[in-house]
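**Student:** Below: one structure in structure tokens.
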Amino acid sequence: MGSAGGARVWLRHKEQLLPSTVSSCDDASLVLTTDYGKVIYLQKAELNGETVYPMHPSSVHGVEDMSTLAELHEAAIMHNLLLRYKRHNIYTNIGSILAAVNPYKQISGLYDSTAVDQYSKHQMGELPPHIFAVANECYRCLWKRHDSQCVLISGESGAGKTESTKLLLKFLSVMSQNSAGTPLSERTTRVEQALVQSSPIMEAFGNAKTVYNNNSSRFGKFIQLHFSQNGNIQGGCIIDYLLEKNRVVRQNPGERNYHIFYALLAGADTDHRDMYLLSEGPESYHYLSQSGCMKDSSLDDKQLFDSVMEALKVMEFTEEEIRDVFKLLSAVLQMGNIEFMTAGGAQITSKGVVSNVSELLGLDCFQLSEVLTQRSMILRGEEICSPLTVEQSQEGFSLPDKDSVLSPCCSLFGLAFEAARLLIDFIIPVLEPVRMASSHSGQGSPTPRLPALAPHPPSWTNSHSSQPGGGDPGATSTLFTP
């Protein structure tokens, strides 16, 4: 029986199937070592075909496409993913679905220009599984099927959805630049540049550190791209949904607010600090210090600020547009520091903070103070004002409940986020429907028409938001239309 040593088997232990190796075997007992390091001793009386059985060769060696696994159960799927992960093969096909396991490190050569070139010249299945293979298949199917293509990227927080989206856009940008019929002088166009540069802006405004992920997207997005008949990107748009606005005013312990706040404080020079009325660091602001986590060794806030500023300039944001967005962000931070006291109703004790907010937003200081400490309502055509309590005034800066109005800070940040996204959409031209007459005289198929873009849903006052730390807001969808 010694020849059985080293054989690969499945062991059913405590209602779980465990991949295991036979360590020793004799007439009385069997000793197994699971892949997780646990040694199991089994007596002959405990052995049967359901407790221990041989592992199929497809599970022993692993497969690139799990639809070819002979053993289709959860343990075999997880074991196959683990085998490939240990070999730095983070991508695995399941038919037309691509499963990706986040390696949390850089893998040399996986996404370089050589990989882009290689996957652009092969059909799906001819090379090992890769996100570039999916992108290339979608790009090719635009012309093979004369129909729009869609990629849905989903997964739990930290799975790599944001990075996968950037890799898809990177591949499509290269394919667009190298498309047949595009003159050499027109390659690396403004559209492709804007497409790539939009990522750091959207990440800074919509991503934050959570307990599980240091760069978690706190919003879902739908990216729509239009391609010309020559194969180059002509325009597109980004539609966001379910932005977690509540994070602006409260975060769970160990989490941070949105990246852009810390980046602004770390990167703004003296002149900009004076312009935006900023203090030195995040510890000066309640909205940034309340969770107890203001810095993270894996996040470089100064570098992020530089990346955002570079992206804004490449995308030709005007100085006025940049200034207005940053003033909104500074106003949000300042509003979190407004304090109240009771004196015949709520009274503001931090007059200097209110003055700063008024200056940043272009509001009258007295009127802003009234709005924060009084409630007005129209009764029989007459406006009646009543003072608020301290608790009611503070409620306006805390998380909204079903009976209260959305916090003005949440609304202001939503405004800044939406402004950045709309400006990106303006830079990445959005094509109107174009009807192209067929060049055929009654023969063959007509040239495909460019479909219309879905209208932008008005989201300046979007009140849908998930609770802080309550999981990932959603997936990313990318639609490619010919």
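Quick reminder: no glycine exception, Cβ is built from N, Cα and C everywhere.
Those TrEMBL annotations? Automatic predictions, nothing curated.
Okay, these came from TrEMBL:
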BINDING   G155, E156, S157, G158, A159, G160, K161, T162  ATP binding site
DOMAIN    61-482  domain 'Myosin motor'
REGION    437-482  region 'Disordered'
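Can you walk me through where each of these features ends up in the structure?
**Tutor:** In the shown protein chains, 18 other C-beta atoms lie within 10 A of the C-beta of G160 (ATP binding site).
Regional average pLDDT for the domain 'Myosin motor' (61-482) in the model is 82.
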**Student:** Which residues of the same chain, at least 6 positions away in sequence, have a Cβ lying under 8 Å from the Cβ of G158 (ATP binding site)?
**Tutor:** N102, Y212, N213, S216
**Student:** Could you tally the C-beta atoms, other than its own, that fall within 10 angstroms of the C-beta of E156 (ATP binding site)?
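**Tutor:** Looking across every protein chain shown, the total is 11.
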**Student:** Other Cβ atoms within 10 Å is the metric here; tell me which of the binding-site residues S157, T162 scores highest.
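**Tutor:** Result for the most crowded candidate: T162.
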**Student:** Would you mind checking how many other C-beta atoms are within 10 angstroms of the C-beta on A159 (ATP binding site)?
**Tutor:** 16
